[in-house]
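Asks: Before we start, here is the structure in question, set down as structure tokens.
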């Protein structure tokens, strides 16, 4: 894979070049800063969805209008290190091989933050700093009020906005959003509350139920402390019918999801539930047990580049499974690893009146959680036309086979225009 583009080599020069040292706190290359808006693109992260974030970023960087924006890809390793000059994410794809990850290369340099400096608070250390916890660089935070820092760090320059292409916990859950809020750096996407609430499916349901938006019936279980007998009794008290879907409350990309069918006896049923809860519990101690819905899974892309504007909804689409003999749900492999497993249909093959109902529910759900920027609202449409919200993804996938960009393309907004509108929305 190619190492990060020549623009970064030209910008930062040889590692350790004295001419690039920070002097008097001033950033460098002001002429380039004036020419284009500089956008840090965050990718990778500590979540299970790390590799999907990498693939999404490849799509985003490939679609970004480089006449308007200067993308600055900043990777986050699985153990949380922020780096620049690693492998170029533009070369990553879904080819059925090994999923990509953010790795430290000989040319990688750590990215560190001084929150007090806001949009000028991004700094770069030397390669030797990445793993040197003993020398004070084991953290991603620094204080440039320390004179010693001026001799060892380089300014990344003024950052106009951040595009966090991060999926799952430690990225899509309000944590990174809170950091950027604290720094005063404009960023694309939902704010702290919406990100946190939509990452936690239990609280998504709480908010939507309060807004009068239907969701799938279910119960919430603490995987750290439960008995299968108690869970089964709770399921029966709630009147849930089979099949059930057991899933982590705070995970995405179908990680840890198990379909549980009706058993012939209680003991077998309890065993199945216990196994499913244990699987989900590997990803989150909070586990949802939801009733399977007899309906079609219809997804709608919502766009609201500037917080407070009226959200727009795409034509809803449907993921159609092509392996008709498989009695499976749309799992991780179907989503990302097997391009032949499914295809996207936009608009979904439904009456226009039903499609408009889905769009209306998607907009209402987005507003109920105080959404901003973008989200993909996943719904169930039952045979009688009822629209139920399954979940809200505040940073939906941007892979080549992802619904979000495909839905907007079918609605008349190209991939490049989509990225442009999202970034320019936070710069207004």
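Glycine residues also receive a Cβ, built from the backbone N, Cα and C atoms like all the rest.
Pulled these features from Swiss-Prot for this protein:
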- 205-424: domain 'ATP-grasp' (DOMAIN)
- 237-299: ATP binding site (BINDING)
- 378, 391: Mg(2+) 1 binding site (BINDING)
- 391, 393: Mg(2+) 2 binding site (BINDING)
Asks: By CA-CA distance, flag whichever of 245, 269, 277, 293, 393 among the binding-site residues is nearest to residue 378 (Mg(2+) 1 binding site).
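Replies: Ranked by Cα distance from residue 378 (Mg(2+) 1 binding site), first place goes to 393.
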Asks: Ranking the binding-site residues 237, 378, 391 by other Cβ atoms within 10 Å, which is at the bottom?
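Replies: It is 237 that, of the binding-site residues 237, 378, 391, has the fewest other Cβ atoms within 10 Å.
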Asks: Just the number: how many Å between the Cα atoms of residue 293 (ATP binding site) and residue 391 (Mg(2+) 1 binding site)?
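Replies: The separation of the Cα atoms works out to 13 Å.
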Asks: Pop the Cα-Cα gap between residue 391 (Mg(2+) 1 binding site) and residue 269 (ATP binding site) into the table, whole Å please.
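Replies: Computed Cα spacing between residue 269 (ATP binding site) and residue 391 (Mg(2+) 1 binding site) is 26 Å.
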Asks: Other Cβ atoms within 10 Å is the metric here; tell me which of the binding-site residues 245, 285 scores highest.
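Replies: Of the binding-site residues 245, 285, the most buried by Cβ count within 10 Å is 245.
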Asks: Distance check, please: Cα of residue 285 (ATP binding site) against Cα of residue 391 (Mg(2+) 1 binding site), rounded to an integer number of angstrom.
Replies: 19
Asks: What is the interatomic distance between the Cα atoms of residue 261 (ATP binding site) and residue 391 (Mg(2+) 1 binding site), given in whole Å?
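Replies: That comes out at 22 Å between the alpha carbons.
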Asks: Report, in whole Å, the straight Cα-to-Cα distance of residue 391 (Mg(2+) 1 binding site) from residue 277 (ATP binding site).
Replies: 19
